[in-house]
Amino acid sequence: MRIEARNLGWREIVRGVSVEIRKGETFGLVGPNGSGKSTLLRLLAGLMPRAAGEVWLDGAPLAQLSRRQIAQRLALVEQFADTGEALSVRDAVDLGRTPWLSPLSPFGPEDRQIVDRALAAVGMEGMAARAWATLSGGERQRVHIARALAQEPRVLILDEPTNHLDIHHQLALLGLVAALPVTVVMALHDLNQAMMCDRLGVMSDGRMVACGKPAEVLTPDNLARIFRVRAQPMIDPSDGSTLFRFLPMETST
Amino acid sequence: MTRRAALSALAVPVLSRAGLGAVLLALAVLAGVTIGEVALPLGLVGDLLAVKLLGIERALDPIEAGILWSYRLPRTLVAAACGAGLALSGVVLQALVRNALADPYLLGVSAGAGAGAVAVTLLGLGGGAIGLSAGAFGGAASAFLIVALLAKAAGGGPAQLVLAGIAGSQLFNALTSFFIAKSANAEQARGLMFWLLGNLSGVRWPDVSLALPVVGLGFLVCLAHVRPLDAFSFGSGAAASLGIAVRRVQLVLIAAVTLMTATLVSLVGSIGFVGLVIPHAMRFLVGPRHARLIPASALAGAVFLIAADIAARVLIPGQVVPIGVVTALVGAPGFALILIRNRRRS
């Protein structure tokens, strides 16, 4: 599913962001803390009240779709979503089926299979009966992603999905996301991980200041200007891919 | 086709559970009408039903039949409606505001309803059960609004909500006392104070015909929203991204809760702790999913309040204890348990 955003804005947090995300693309959002990444993701999901600008999903204006229609197309995994309810892992993932259910089509065997597949995709199939309160931060994150997968979206929006995850699960998750046949938009903290995206948008102070292929966008120049680090590109001889080593900026005084 | 198969596979346990619930409720009502200062034989209930519903001629003791039909049955039915309505209100409020301590009593909704009803009674703004209920509804709605706005202005956290609820309750209870002090004569004042503690003594058939439809409607509204209520588990943002029209759902459910609470308070006064303790007990028994929690809480609330009313009638021979006193005696320790459990979780 193609996403087009024009002149998105919300208060002073996000200002005049226009971007086009292609069908099936894995689009990364990077930027320093407080640069507006999370707000931009929420704007793309149509979740911010009194937002400026417009979003189209495959040409259909988001503002004209009902919440339910949006949720059938687009799933969002936010940071820090927690619950005090004594839900099990399966209960939490079942919630992903919400936009597809109605009194006339209650939760059925198909829905159960979809939930099973979503649990398996994040490696949580053996923990379906575990209580939410007993999960680690990384396990909770994987359950949230399974919940989003159970929504069967065509656009998956993830806010720093690798937070809380150990390195094995970080790589597994990025591999899973890259292999999904859906459009993915995700905020990422780790710039080396951002290199695996098809394209990147760089946020700084509420604006998208650069957008393009990772190698074109994450130049030492941009990194110095936006992230205030000195980046040393290094080539991995085994596959020729670029890695960054980050160093503090030399102080001018 | 798989959908239909799933539907019919689900229908059997749902129907058998509903049947079990109906039996439990019927037994509670039976206990409610037979136990009391004058114990009435079970056979009388059958005979009376035969006379009243089927029109069969039976010889009945007119006094016993009168107690059963005109006093105990309406009283027990209103107790059931009241327990169910308050428990449902608690479930819905706890889910919507994501706060284990939310219930109509603690959030000031009951106090607002009480103040509204007293204002209508004393200031003569329209009379009768409908006028009273309308006043209670106005009071309950304004109390909810004030508490919600205050909680939001204070930062919107769970602690702020409870504190705002306390402030709201105090304000509206003070208003109630003020109205009574200003406008009521001694006899009215005594009656109102007794009513405010929660009292089923004056309940007659017209009250039943108000309470049952309102709570029935509230129950159906809650049942129709079991999935949205589940979706609120991770907050209203998560609910919105799951396709829930958050504002509309909040508005419909809060209207249902306010209507139920206001109607019940206008009929029987403010009965505390049912809306708080019953939903938690049921979460413990049937889990947090609302498809089970809503019917289980409605049933348990109904049965609990019938039992509390029986206790209120027989605890002190020759005297009726206000039912709010009985529910608080059971509810306060229950509330303490919830507080302790919550501390462990956080």
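Glycine is treated like the rest: Cβ placed from N, Cα and C.
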Fill in the blank from the handout: Ranges in play B:5-25, B:320-340, with TrEMBL marking transmembrane segment at B:320-340
Fill in the blank from the handout: As TrEMBL has it, transmembrane segment corresponds, among B:27-51, B:202-226, to residues B:202-226
Exercise for the section: Please check if the transmembrane segment (B:202-226) comes into contact with the transmembrane segment (B:251-278), where contact means 3 or more CB pairs closer than 8 Å and the residues in each pair are separated by 6 or more positions. Expected result: yes
Exercise for the section: Mind pulling out the one from B:77-98, B:104-125, B:132-155, B:290-308, B:320-340 with the most Cβ pairs under 8 angstroms to the transmembrane segment (B:161-181)? Expected result: B:104-125
Completion exercise
Among B:77-98, B:104-125, B:132-155, B:251-278, B:290-308, the most Cβ pairs under 8 Å with the transmembrane segment (B:320-340) come from B:251-278
Completion exercise
Tertiary contacts of the transmembrane segment (B:77-98), defined by C-beta under 8 angstroms and 6+ residue spacing from its ends, are 25, 28-29, 32, 104, 107, 109, 158, 161, 200, 203, 207-208, 211-212, 214-215, 218-219, 222, 229, 232-233, 235, 250, 253-254, 256-257, 260-261, 263-264, 267-268, 271, 274-276, 278-279, 282, 290, 293-294, 297-306, 308-309, 323
